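J.: Below are the C-alpha cells for one structure; questions will follow.
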Amino acid sequence: MSSGAADLRQRKKQNCSESDKMAPEQRNKENSKLGRSPKYMLIQRFAKLFFGCLAAVTSGMMYAVYLSTYHERKFWFSSRQELEREITFQGDSAVYYSFYKELLKAPSFERGVYELTHNNKTVSLKTINAVQQMTLYPELIASVLYQASGSEEVIEPVYFYIGIVFGLQGIYVTALFVTSWVMSGTWLAGMLTVAWFIINRTDTTRIDYSIPSRENWALPYFACQVAALTGYLKKNLNCSAEKFCYLLVNASTYTFMMMWEYSHYLLFVQAISLFLLDSFALAQTEKVHEVYKIYLFSLFLGYLLQFENSTLLVSPLLSFVAALMLSKCLQMNMKKGTFMSRLLKIMYIYLVLTVAVTLNFLLKMFVPHKENEHLLKFIEVKLGLNTTKNFTMNWLLCQESLQAPSQDFFLRLTQSSLLPFYILVLIICLFSITQVIFRRICGEPLKETVKLEDGRIGERPEIVYHVIHTILLGCLAMCLEGMKYLWTPYVCMLAAFGVCSPELWMTLFKWLRLKAVHPILLALILSMAVPTIIGFSLWKEFFPRIMTELTELQEFYDPDTVELMTWIKRQAPVAAVFAGSPQLMGVIKLCTGWMVSSLPLYNDDDLLKRNENIYQIYSKRSAEDIYKILTSYKANFLVIEDSICNEVGPVRGCRVKDLLDIANGHVVCEEDDNYAYSKYGRFCHEIKMNYSPYVNYFTRVYWNRSYFVYRINTVISFQS
C-alpha cells in the first residue's frame, strides 16, 4: 500500500510536457495494433467531441425554450399588463425583482447601487444593505447587461430578466449533460440525463414557482463546477485539459458563492465528499488540496466583496478546510501501509473533525457575526432535541419544503424509472468501492489506468466522488423535502451514467463470472441497448404529456390583488407604510413601490421578529395591542387577508392562527384536545364588525372579496 500511495502522490508531480508526449505514443501503438492510422483516430475523436458538444448545447437551448414556452402558456405573459405580470412574482421573488426595477430606474448604475446599499425606502424604520442582506448580485448583473447591451428599445425589462434565468437553466442542463458524458464516455448518457431531468421537473427545479429565487441563479454555476471537478479528478488527464478544468472550477466556485447566501453550506457537503475520497487514498492528494485552496480563495474574495460578510468567516466550510490544511503534513505521513498507519488513519479523521469543530467554536466566539441562529434552533427542534412554542420556529417546521419527503415524491421517481436504476447503479458502485478500499487496506496499489476488462469502476476517483456526494445529498433530502432540488438532478446524472457505462456492466459481470457470453461484448451491448430501451419508453409515456403542457392554455389571473394594487397606487399617500403578511408586503413593494413594515425574508432575525409581531393581526389580541404593534413600526395602513383569517389548512395546528394561539398561550393541548381561552376574539374577525373599540383605532377604507384595508388612525376617537 505504501508504494501505491507514493505512486499516487507522484502522478501530479510529473512534468506535463512529458505526459503529453507519452500519451500520443501510447495511442499510436494501440492504433497500430488495431490497424488504424493516427489521422483516422483524430478525425473520429474530433467527430465524437463535435457531435457531443452539439448535443449538449442543443439540449440546453431546447430546455430554455421549453421553459419560456411553458411560462407563456401558464401566465399568458405577452397579453398581460405590467401590473398583472408583476403579480406572478410571489413572496421573496417579488422582493428580488423589485430591486431590479429600482436599479433600472436609477439615474446611474453607481447611484442605484448606493441606494441599495443604504436602503431606507423599503422597510420602515430600518436602513439595510440590500445587496449584502438579500444577495442581489444577480440583479446587479442583470441590470448592467440590460443597459450595456442597449436592450431598452428591443425587449422589456421583465422579459430580459426571466430570459437570463431561463438561459441559466439551459446551462444547468448542459452541465449535467457534460458531467454524465465525461463519466461514461458517451453522450448518450447526457441525453438520458436531460430526459430524466425534464420528466422529473417537479422534483429537480423550483423554476416553475419562483423564477428570481437565489438557487435558480446559483445552481447552474454549481453544476458547471461539478462538471469541471469531475474532469479534474480523472486519472491520466493531459496538462491542458487539467488546467482548463482547474480554471473552470475556480471561476464557477467563486461565482456560485456570490449568487446564493447558502452556497457555502452546499460547498461544505462537497468538501466532506472530497475529504472522504482523499482519506481512502482514492484520489490524488494534491488535486484535492488544490480544490481546498479554491474554497479558501473564494471565501476570502466573497468576504471582501460581500461587504465583509462575517457569516463566511464562521461558516463550517472555512473551519473544515482550515482543519484539513493544518493536517496536511500529518495526512501525508499516514499513508505508509503499516498497521499503525491504518490505526492512525482513523485518528487522523477524528483529528480533522475535532480541529474543525474547535476552530468553528473559536471563530464564533471572537468574530462578531450575524449568523442565522434560528437555523440552529430549527435543527434542534427538527431532530427532536428540543421543543418550542415560538411562532417562527413552528411556522418553519410547518413549511412543506422543510418536511420529510412524501410518498408521492418516491412514486414519481419510480414511475419515470429513475429511482430503480439509480439504486442499481449506486449498489454496484458501492460494492466496487468497498472492494477497492479493502484492497488498499491490504496493501494493493491502485492501477495507473483502469481498463474495461478490469471491471473496477470503484477505482475511478470521479465516480467515487459522485457516489459519496449523492449519498450525502440524499441523506439531506430524506430529512427536508426542499433539499430534493439539490439531490434529484445528480440522481438523474448518476443513473444515466451507470446504465450507459460499459465499465459498470463489466464490473457486475466480473462478480457474476459469466462464461457463456463474452463479458466485454455483452457490456458494450447493454451500455447501448438499455439506455435506448429506457429512452423509447420515456418518449412513449412522457412526451405526449410534455407536449400537452406546451399546447394547453392555462390561466393565472388574480383580479382581487390587481384591484388592491391599483387602489394603493391611486389612493394611498406616497409616504404611506403598509402592514400585513410578509408575502403580500413583497408584492406591494414590487407593484406599487410603497414602503412596507416587513418582508418575506428569513435570514435576518430582526425581520423575523417583525413578521411574528405583525402576524398578530390574526391572533386573539386586543385592538389596543395590535394598534401599539403597528404604530411602533410607523404603519399607516393595515391589510387583512381573508385567506389567512379564514384559513382551513390540511395539517392540523399548522395554520397561521393556530401557531399564533400556541405561541400566545391561547391554546392548551391535553391528550389531543385543544382548549382555547382568551378574553378577546380573533382580531381579523372582530375588526370587520365595525364596533368599538376597533373603530376607534382603525377605519376601513377599501375592501374586496380577498382583502380588507384599514387606515390606522393617528388621532384615536373613543366613540361608543
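The backbone N, Cα and C atoms fix where each Cβ goes, glycine too.
TrEMBL: automatically predicted annotations, no manual curation.
Sequence annotations record features per position, and here TrEMBL assigns compositional bias 'Basic and acidic residues' to 18-32. Marked as region 'Disordered' by TrEMBL: 1-32. Sequence annotations record features per position, and here TrEMBL assigns transmembrane segment to 49-70, 181-199, 265-283, 303-326, 347-367, 419-442, 486-508, 520-539.
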J.: Is the count of Cβ pairs under 8 Å between the transmembrane segment (419-442) and the transmembrane segment (265-283), pairs 6 or more apart in sequence, 3 or more?
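T.: The transmembrane segment (265-283) and the transmembrane segment (419-442): touching, yes.
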J.: Let me spell it out: take the transmembrane segment (486-508), skip the flanking residues so only those 6+ beyond its ends count, and list any with a Cβ under 8 Å from a Cβ in it.
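T.: Distant Cβ neighbours of the transmembrane segment (486-508) are 172, 176, 179-180, 183-186, 188-190, 192-193, 196-197, 200, 203-205, 219, 223, 226, 266, 413, 418-419, 421-422, 424-426, 428-429, 432, 450, 452-458, 460, 466-467, 469-470, 473-474, 476-477, 519-520, 522-524, 526-528, 530-531, 534.
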J.: For the transmembrane segment (181-199), which recorded stretch in the set 265-283, 303-326, 347-367, 520-539 gives the largest number of Cβ pairs separated by under 8 Å?
T.: 520-539
J.: Given a Cβ distance threshold of under 8 angstroms, which distant residues of the chain, six or more beyond its ends, lie next to the transmembrane segment (303-326)?
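T.: Contacts of the transmembrane segment (303-326) (Cβ under 8 Å, skipping residues fewer than 6 from its ends): 117, 129, 131-132, 258, 261, 264-265, 267-268, 271-272, 275, 289, 292, 295-296, 352-353, 355-357, 359-360, 363-364, 367-371.
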J.: Same-chain Cβ contacts of the transmembrane segment (347-367) under 8 Å, 6 or more residues past its ends?
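T.: Long-range Cβ neighbours of the transmembrane segment (347-367): 275, 279, 310, 313-314, 316, 318-320, 322-324, 326-327, 330-331, 334.
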